[in-house]
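Quick look at what TrEMBL annotates:
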type: BINDING; residues: 385, 388, 425, 428; note: Zn(2+) 1 binding site
type: BINDING; residues: 394, 397, 412, 415; note: Zn(2+) 2 binding site
type: DOMAIN; residues: 152-325; note: domain 'Helicase ATP-binding'
Ligand code: ADP
Ligand code: ZN
Ligand code: ZN
């Protein structure tokens, strides 16, 4: 048999693909194909790589050229569209192709053996008889929802939409109707359709998965997220890859799934920061979704009550079509009234002002539920000694150790370092050391002393560590076993609480004065979202009107005025005008070079060399600076921001610059992030 050269992408930090000889295994008369996985020797190991090209020539000398060992033939090849998506991501984020392609695959596929693959394929080929189940009740859409669903399902070619709908306006119904139309138009064997629905966090919104399954009992629905066991993940991924699954519900990683019949992409809560991966390939699933929809010439829906300014800007300029849902979908349900409590006048006790306490008592008397939102877990953010000024700093990070009272620990939320709570000040021996500030545990404790009969439930990352415990906690709220729910952002997203009429927001002020220019955009989104948990049904007779109370020291701040008016339009337009004025995204494009080292000077020295490595007119190179949180786990970190008003010009510069960076000798570890969100 003739020999061929396979070009293989490997998960290695080298910016090229590797050539291997393919002589064909005995008895194998079929050639490997582009998009299949090959097992190849790499250094002393054998690894799985993706075949991205097949030829008959190579620059590798014959005595250096190694043989590919095997090809996973039972896996139908990944499509050219999928490879093109990965190639785009690799180019755009300036990473080797293999570092995109291989991690995008389920772990069980990347192994050398094919036992799990064979098992999963066998299992998939067995359940597939036709169903005839009756879908769950489909509510009739209101006119605004109907217009939106029609616009999406009727769109042809690449058609990005912003579905701008207040909390509770029934965006999900719009997604499901548009999906149903597209599935029914195309759902036959010659021209099947697949719909990708992305959500920020699946574990927090199991309601959605249940709703989708009930509404589409006759099509296969597959979920893709990091919480799945590996076997399940492989099975679901294959169901998508083979086209069996027609609806794929997933988190950001689902965007890189193989979806050969993709006809619609939906991104719910498109503004959510979790669509941005914050390690390794730091991609934005939202941005890649736009690219993928354009490449496939299909419609895309970005849904939000508080769109990201990037998306808002595109909608304002007409590049995205905006579909509005201005009112709540449930009959007579109205957006809650938002009131500010000035903490300078109404001084809090145990973190709760008398106004808020009275409102809580009223709900308690009426058998209604309340939610207290505080985005800080733990008991207190720091422990301090009044006598000598000692505070509980982490010895490894530029951060405080957080007091966790229930398990008697001081814990660093950044490096994981833990200590027992000291009985006395480690410096001066003073036994009267005090917690400063307030986290969810302390609010729970204080509130229980103020309202001894109330049934409280705290939901945060600490209280829901065990698998399934978050679900159990939310179930108990829905069942009515809880009077007051205390929680972090975990409780803010998506939940449809039916008996909740009060939301109390404790101390959101710190974000108002953050150095991060995105802080106010984020705070607004977060407050709107948590406020949106109240009043999801009509006010009951003799019941309370739904209400949001915000405890603040800065009641004059314009952000709060916009929240009270439920007016995101104006707020977003003002922020956009400010960003334009200040030359900030989305009016400029950015890349961030990060460097880490044992000593800050090493990181900074590297960044100074990098800053001078390649200069070009039109490219703004800012000064290297230590990161705000300079030290994490004994590593010092610094950064250098590069900006340009033109995205293509920045991309062209980055290609040259990053090549130059690779030549710099340094002990610092470095990486480049494109379109950074945390700077
Ligand atoms: P959003 O995602 O916009 O915050 P949801 O999709 O969660 O809103 O919908 C809020 C509530 O309104 C849900 O309880 C949903 O069942 C209900 N709902 C949506 N559309 C309709 C409709 N057309 N008629 C009646 N109820 C609806
Ligand atoms: Zn002391
Ligand atoms: Zn630490």
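Using the three backbone atoms N, Cα and C, a Cβ is placed for every residue, glycine included.
TrEMBL annotations: computationally assigned, not manually curated.
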Give the distance between the Cα atoms of residue 428 (Zn(2+) 1 binding site) and residue 412 (Zn(2+) 2 binding site), rounded to the nearest whole Å. 22
Cβ under 6 Å from an atom of ligand 3: which of these binding-site residues qualify? The list is 388, 394, 425, 428. 394
Taking 388, 415 as the binding-site residues to compare, which has the smallest set of other Cβ atoms within 10 Å? 388
Given the Zn(2+) 2 site residues 394, 397, 412, 415, which other residues of that chain have a Cβ within 8 Å of the mean position of their Cβ atoms, reported in sequence order? 395, 396, 399, 401, 413, 414, 416, 417, 632, 633
Should we count any of the binding-site residues 385, 388, 397, 412, 425, 428 as near ligand 2, judged by a CB under 6 A from one of its atoms, and which? 385, 388, 425, 428
Any further residue of that chain within 8 Å (Cβ to the Cβ centroid of 385, 388, 425, 428) of the recorded Zn(2+) 1 site: 386, 387, 389, 390, 426, 427, 429, 430, 433
Using a 10 Å radius around its CB, how many other CB atoms surround residue 394 (Zn(2+) 2 binding site)? 22
Between residue 385 (Zn(2+) 1 binding site) and residue 394 (Zn(2+) 2 binding site), what C-alpha distance do you get in Å? 15
Could you state the CA-to-CA distance between residue 394 (Zn(2+) 2 binding site) and residue 388 (Zn(2+) 1 binding site) to the nearest Å? 18
List nothing but the one residue from 385, 397, 412, 425, 428 whose Cβ has the fewest other Cβ atoms within 10 Å; the candidates are the binding-site residues. 428
Between residue 415 (Zn(2+) 2 binding site) and residue 388 (Zn(2+) 1 binding site), find the distance joining the two CA atoms and give it rounded to the nearest Å. 26
